């Protein structure tokens, strides 16, 4: 256990610290090699882990490529400028619409896309409106927060969701039927908390005349228009084709290919830059990181956690839901959500829970790993990258400020979301 734990801690430190620009993929690979050399994992574990991660990572990359292409076409700026007009010059209404836009983008383009793509657009828009630094910080924090709390509804909304759905064989429709209503509760709770926390920083009014026309944001009309068609086809494909056995990654890849071909023909978008910007290292990161996590499983960590989950399961649906969700949220906040979701999945699989209790634990694990990272900056790689993007925009958020805000905001939203899950699953009893 000590050796497996030491390798895991070393890997996490390298992934978060990234000394001398060392990519997350190579850090995870180093951890995996150490685990193999020391016998913590065995060569036979490699195909097992690959079977867990391949569909998730491929789907995630395809969705991010679609997001990047649409961003280059002006799609997201166009949407942001439209919702800013729906605010009708009222600050609180603008704040609400920006949060709801972030929720929609997170649902369709994954949490990473929502946080990293929307943030620079929101900053530019707020600067154009002449908002203060405090107001800009409030809007930026809101955009970053909703990106994770609203990344629950669809399998493709978060890499965590895809990994868990693949592990437990959850279909797209089955997953959405449970998590869409839960996500609505999460969005409402997030909106309430954001308005309460940042109430002093949201301006009463703003001058809509300072905003440019949404049409001016469109840089590649062909890619912009095709994007709407691709989104519709993706949603239909996910709900219709995935139940027939076609992987989510294959459906997403076709959508990315169609959009890429259109963008390539238009010459307005640097498609080479888009491909270089795709998170290719996530492939070797997922395989390497999960091999290291599998070492923890081989060393008995997940067996210990299974015992904890058994106690929760014995106390009924609500205890299982709330207990699992808060446990995995805490683990995500201190050891990153990507390894945590697999630790949680392996522990649930090894527990004696069955029926609706096990189902509750599976979804609570997803919720904990989606929302838990908002407590600390190290909870997710997307948050670390988001903070880096902000620093490049001369907006530095200290880890202390992030933690204070994160823990106050996250715990109530997490509780409401888990309670919504327990209520939703109560109807299946």
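Glycine is no exception: its Cβ is also placed from the backbone N, Cα and C atoms.
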Sharing a topological domain in Swiss-Prot means sharing a membrane side, so do residue 43 and residue 342 qualify?
no
From the ranges 249-269, 333-353, grab the one Swiss-Prot calls transmembrane segment.
249-269
Annotated range (Swiss-Prot: transmembrane segment) out of 228-248, 354-374:
228-248
Contact check, the transmembrane segment (21-41) vs the transmembrane segment (228-248), 3+ Cβ pairs under 8 Å, seq sep 6+:
no
Excluding the flanking five residues on each side, which residues at least 6 beyond the ends of the topological domain 'Periplasmic' (295-310) place their CB within less than 8 Å of a CB in that stretch?
1, 3-5, 7-8, 35, 40-42, 45, 320, 323-324, 327, 343-344, 346-348, 350-353, 361
Look at every Cβ pair spanning the transmembrane segment (274-294) and the transmembrane segment (46-66), keep those 6 or more apart in sequence, and say whether at least 3 of them are under 8 Å.
yes
If you count Cβ pairs under 8 Å, which stretch among 46-66, 121-141, 178-198, 311-331, 407-427 touches the transmembrane segment (249-269) the most?
46-66
Chain residues in Cβ proximity to the topological domain 'Cytoplasmic' (199-227) (below 8 Å; excluding those fewer than six residues from its ends, i.e. six or more beyond):
66, 69-70, 72-75, 77-78, 81-82, 84-85, 87-92, 94-95, 125, 128-132, 134-135, 137-138, 258-259, 262-263, 265-266, 268-269
Spatial neighbours of the transmembrane segment (178-198) far in sequence, C-beta under 8 Å, 6+ residues away:
92, 95-96, 99-100, 103, 107, 138, 141-142, 145-146, 149-150, 152-154, 161, 359, 363, 366-367, 371, 405, 408-409, 412-413, 416-417, 419-421, 424-425
How about the transmembrane segment (311-331) with the transmembrane segment (407-427) - do they touch, taking at least 3 C-beta pairs under 8 Å (6 or more apart in sequence) as contact?
yes
